[in-house]
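Undergrad: One structure, pasted below without further comment.
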Amino acid sequence: MSTLAIEVNGLRKRFGKQTVLDGINLAVAKGTIFALLGPNGAGKTTLIHILSTLTEPDSGHARIDGYDVVGDRKEVRNSISLTGQFAAVDEVLTGEENLKMMCRLSGLSVKESSARTAELLKSFDLAGAAGKRVKTYSGGMRRKLDLAVSLVVHRPVLFLDEPTTGLDTISRRALWDIILRLKQQGMTIFLTTQYLEEADQLADTIAVINRGRVVASGTADELKARVSGEVIELRNGNDELLRTVPTSGGIEDVRHKLNEIAHSFASDTRISIRKPSMDDVFLALTAKETEAALV
Amino acid sequence: MKTSPSMLPKPASFTATNLIFIGRSLRHSLRNVEALIMAIMLPILLMLLFTYVFGGAIDPTGDYVNYVVPGIILLCAGFGSSSTAVDVATDMTNGIIDRFRTMPIRSVSVVAGHVAASLARNLLATCIVIGVALLVGFRPSAGAWEWIAALGVIILFILTYTWLFAAIGLVTGSPSAASGYGFALLFLPYLSSAFVPTNTMPSWLQGFANHQPVTPVIETIRGLLAGTPIGDNGWWAISWCAAILLIALVWCAIAFRRKSGRR
């Protein structure tokens, strides 16, 4: 049996004259977190819409748990759960009513629905707001409810389209914890994000997408290794960044670079050597693409 | 660990799905307090307005109330069902429709839920119209069968209008656009025999007023309740409503498929 939860081969999609996806290939192993990283308009949401049966591709194939997203739509819908970019909850209903409605639609009995709703409200720390209308919820609470609604019955593959966009740091970290917990329970999670840190923190594998193409993929470390060398950072006593200097990281090169610049900085300047961040990687990868497109 | 779909509970049946969505829409109706007050106040105000303000000028004998009741029922049904366009458009622009569509259920039932709630709201408004009418002097001649038949025609008309508004809600891009486009439909009862006999209108307008769908519906309800001759209006009323209803249903089905895939 295949160990892949998601397989994508040569997927293309155009809207009118605009090519949104230009031959996407991806593979996501079962029980892992996969992050699709890209700027606005890169095609992330379109890809999620195709994988979750909302939109049909023009050409190419995609399989979820072995089921084709076009041919076996019904089986795919039984295998997935989607949390879209905008909180997909009913604002007029209360949190509890939202969960109960989704439980009932998923085929649970009235009694099972109440039990499952209570369980989810508790584990998502929403019990206190259960009887309040969603309209009054904060962004973080809404997102948590949104995620809870996706989990009323166990579906092996979860799609999260920009799950933490617009959230404050505390809510974002709370959501990260939940996502990691879901992975421990054996779910496969496919998320899109604009935040490099998020992909770095959560994902087992990352694909960087730009202009409808996958420009790089691999683990966070593999991607970082693609930007060669390391970086020397110089900071003053107040921890303000004064300068960054590229280096191979070898002792000879570091000494040489420091000798060159040491005289122009105060004696209490502190140095550190770091690996390139995901930001460096992302900028390098997408800049290359944009340059190529301009030529 | 493989979790096969067969281990999941069977998704809600078609009937259960519809009932769940009807429940949802009824909750929406009850919580939209402004709209609910409007749905109750409008029939009362219109009934009083047409009986006491316009009625004396239109028919000095004071018998106007017996003429105007069917018209006010339809006018209120038009207003009451127009909010369906907004409800449907709101759902379609919100992420919730994507969630429903990625579930193994018939997601178009979400529209059916709004239609059922509109029917419930409008029947409440109809009861209020009839209740107020009786208080201000309405004396229908209808027996039990005529009442049932009249109610049947009213329900058919409400469903026709509501599905049309649902289709408008599906094809317009936003809730505010949806509320704007329904205007022409709300205007139709005024250009019919709802408030004055069509033979009092200029001849160019009579042509339209006599041959538009609302007039036979009005004449049928009036005939059933007040005993005026119905003639072939009954068949015209049912044919018009059935044809428009069918078009609206097909339009909804097509628009729903197209719209929800396009976002």
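Cβ coordinates are placed from backbone N, Cα and C, and glycine is handled just like the others.
Got these off TrEMBL a minute ago, pasting:
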DOMAIN    B:34-259  domain 'ABC transmembrane type-2'
TRANSMEM  B:35-55  transmembrane segment
TRANSMEM  B:67-89  transmembrane segment
TRANSMEM  B:110-135  transmembrane segment
TRANSMEM  B:147-171  transmembrane segment
TRANSMEM  B:178-196  transmembrane segment
TRANSMEM  B:234-256  transmembrane segment
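How buried are the listed features, and what sits near them?
TA: Long-range Cβ contacts of the transmembrane segment (B:67-89) within its own chain (Cβ-Cβ under 8 Å, at least 6 residues beyond either end) map to 25, 28, 35, 38-39, 42-43, 46-47, 50-51, 55, 59, 111, 114-115, 117-118, 121-122, 125-126, 129-130, 133, 138, 140, 154, 157-158, 161-162, 165-166, 168-170, 172-175, 177-179, 181-182, 185-186, 188-190, 192-195, 214, 217-218, 221-222, 225-226.
When Cβ-Cβ distances below 8 Å are used as the criterion, the transmembrane segment (B:147-171) is approached by residues 73-74, 77-78, 80-89, 92, 111, 114-115, 118-119, 122-123, 126, 178, 181-182, 185, 217, 220-221, 224-225, 237-238, 241-242, 244-245, 248-249, 251-252, 255-256, 259 of the same chain, each at least six residues removed from its ends.
The list of residues near the transmembrane segment (B:178-196) in space but at least 6 beyond its ends in sequence, with Cβ under 8 angstroms from a Cβ of it, reads 50, 54, 58, 68, 70-72, 74-75, 78-79, 82-83, 85-86, 88-89, 161, 164-165, 168-169, 172, 205, 208-209, 212-215, 218-219.
Sequence-distant contacts of the transmembrane segment (B:234-256) (same chain, at least 6 residues past either end, Cβ-Cβ under 8 Å): 108, 111, 153, 156-157, 159-160, 163-164, 166-167, 170-171, 213, 216-217, 219-220, 223.
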